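Here is what TrEMBL records for this protein:
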BINDING   30-37, 149-152, Ile178, 186-189  ATP binding site
ACT_SITE  His37  active site, proton donor
BINDING   Gln61, Gln155  (R)-pantoate binding site
BINDING   Gln61  beta-alanine binding site
Amino acid sequence: MITTANIAEIRAQVKQWHMQGETVAFVPTMGNLHNGHITLVTEALKRADHVVVSIFVNPMQFGQNEDLDAYPRTLAADSDALINAGAELLFTPTPSIIYPKGLAQQTFVEVPNIGDEFCGASRPGHFRGVATIVCKLFNIVQADVALFGRKDYQQLMVIKAMAEDLSLPIEIIGIDTIREASGLAMSSRNGYLTAEQKQQAAAIKQCMDKLAADVACGKNIAESEAIAAETLVKAGFKMDYLSVRNATNLAPITNEDHNLVILVAAYLGNTRLIDNLTFSR
Ligand code: PAF
């Protein structure tokens, strides 16, 4: 695997593959890779001849009081895992390569509406940071397809909307969430949890399963949401949001909606966990 922070080197390698008539898939990450990320690489290899991965802890998507400095940087272990998974090119830029003029002078991408509620409301500026870095990375790597985890459901919708709105010539694919045996969705932030908190955190998936079953069998949605949130509070969480929405546009549910998604964000101690579950009724 070639590892480089150099934009020209990334472009030259991808151009060479394309000139040979070969396809390229891209997996953007912030590093501290777990099985969810490795699954993205494995899935990427099923869809293209070559896989490019980026590791960049993007300062633009972190709020003032968030964990930018504490975010785990584990490049050596990440590299080994990527080589084993079959990635061939790893892009590891620094903030000054990506934002040479500094964040205040940086042109940004902002997707309207879909990112306004939920994580967008709790983390102002977060989706602007995500859309901007993903747009930049797409322009640097110039892959045919990019893969993202469905765990970040709203993020995936923001990225899909951005690619469509800006006519970016890339296919966006969402890959199902990989979970621990307990049901806890894999996330780099799980590393902040104590062993006891990890056990508590399994309640999120159990709660979503019950809520989906209740809504699917026709129970009142607002009441079912309230019961689910109360269950999580009893399990030790501080709630950010828990909501059942239209899975396609995240709008409040109408009687005609059949494809639904549960979106959850909640704190265990200082750690903010998010998860989601799609289901139909
Ligand atoms: O999901 C992530 O790890 C990040 O938000 C992403 C898409 C790599 C952009 O920094």
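Glycine too: its Cβ is placed from the backbone N, Cα and C atoms.
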Just the number: how many Å between the Cα atoms of Ile178 (ATP binding site) and the residue listed as 'active site, proton donor'?
-> 9
So which of the recorded positions Met30, Leu33, Gly36, His37, Ile178, Ser188 sit close to ligand 1, that is, with a CB under 6 Å from an atom of it?
-> Met30
If one looks at the chain holding Gln155 ((R)-pantoate binding site), which residues at least 6 apart in sequence have a CB under 8 angstroms from its CB?
-> Cys119, Phe127, Val130, Phe148
State the Cα to Cα distance, in Å, between Arg150 (ATP binding site) and Gln61 ((R)-pantoate binding site), rounded to an integer.
-> 18
In DSSP terms, helix, strand or coil for the residue listed as 'active site, proton donor'?
-> helix
Fill in the CA-CA distance, His37 (active site, proton donor) to Ser188 (ATP binding site), as an integer in Å.
-> 10
For the binding-site residues Met30, Leu33, Ile178, the largest set of other C-beta atoms within 10 Å encircles the C-beta of Leu33
